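What TrEMBL records for 28-177 is domain 'APS kinase'. The annotation ATP binding site is assigned in TrEMBL to GLY35, LEU36, SER37, GLY38, ALA39, GLY40, LYS41, SER42. TrEMBL lists SER109 with the feature active site, phosphoserine intermediate.
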Amino acid sequence: MKRPPNFLQRFHGTIAGQDRTRMFRQRPATVWLTGLSGAGKSTIAFALEEQLIALGHACYVLDGDNVRHGLASDLGFTPKDRRENIRRVAHVAQLMNDAGLIVITALISPMCEDRAMAREIIGPDKFIETFLSAPLATCASRDPKGLYAKARTGEIGSFTGVSAPYEAPIDPELRVDTGTLTSAECVAQIFGYVREKCLQTAAQRTAHSTEA
Ligand code: ADP
């Protein structure tokens, strides 16, 4: 990984993480969704975001397809480019976490090593690796974007699960069976974890407001 020139220093403002936690009434974290194409990453990411926003929580989805229109528009799907895509998204997620937001990422992120890099960049205490587990056959039969069909004919090369590898997480914080559960059940499972880790209870909110 490239290092900045050593004359560059960090400038620290006076606002601490705790200040933002108090303001947003949440501890920031990144829900890192990983799984095959069609496993449900985008569906679940945006549904979870909707639920958190409805409850008044600051959160944002970094969707793999969306970031490829700007932040990563120069990247393809070679292992090196996928790693660079993950590195950039992880840094954006880290900045958003620093700003106090809960981030949900929706990237295939097929390699264990690249997800480990993302964990390192974001910080292990904030990284919630969430494996959306569905059999390849189920994902291919859903084929919501018609990509598996194109991968089979060779129109798309290096397609995860067909012509490129997917390494399932070994010890993720969360494993969600998107092959058999409904998307609402999957979102509820992830929301339960996020509530425990990030969201303040009414009692904590009262304690904070009386401290201020
Ligand atoms: P990905 O972002 O992983 O490529 P998408 O969210 O674009 O996947 O597509 C997943 C498709 O599978 C959608 O058409 C969705 O309605 C369907 N689906 C069926 N069951 C689930 C589930 N449990 N979770 C998420 N999506 C599901």
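The backbone N, Cα and C atoms fix where each Cβ goes, glycine too.
Just so you know, TrEMBL annotations never went through curation; they're auto-generated.
Location within the structure of each feature annotated in TrEMBL.
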{"residue": "GLY35", "record": "ATP binding site", "CB count, 10 Å": "28"}
{"residue": "LEU36", "record": "ATP binding site", "CB count, 10 Å": "26"}
{"residue": "SER37", "record": "ATP binding site", "CB count, 10 Å": "24"}
{"residue": "GLY38", "record": "ATP binding site", "CB count, 10 Å": "23"}
{"residue": "ALA39", "record": "ATP binding site", "CB count, 10 Å": "28"}
{"residue": "GLY40", "record": "ATP binding site", "CB count, 10 Å": "26"}
{"residue": "LYS41", "record": "ATP binding site", "CB count, 10 Å": "26"}
{"residue": "SER42", "record": "ATP binding site", "CB count, 10 Å": "19"}
{"residue": "SER109", "record": "active site, phosphoserine intermediate", "CB count, 10 Å": "28"}
Using the centroid of the Cβ atoms of GLY35, LEU36, SER37, GLY38, ALA39, GLY40, LYS41, SER42 as reference, list every other same-chain residue with Cβ within 8 Å of it (recorded ATP site), in sequence order.
ILE108, LEU132, ALA134, CYS139, THR178
Relative to ligand 1, which of the binding-site residues LEU36, SER37, ALA39, GLY40, LYS41, SER42 have a Cβ found under 6 Å from one of its atoms?
SER37, ALA39, GLY40, LYS41, SER42
Can you tell me how far the Cα of GLY40 (ATP binding site) sits from the Cα of the residue listed as 'active site, phosphoserine intermediate', in Å?
14
Of LEU36, GLY38, ALA39, LYS41, SER42, which binding-site residues are close to SER109 (active site, phosphoserine intermediate), meaning a Cα within 10 Å of its Cα?
LEU36
Under the DSSP assignment, what numbers of helix, strand and coil residues are found in the domain 'APS kinase' (28-177)?
63 helix, 28 strand, 59 coil
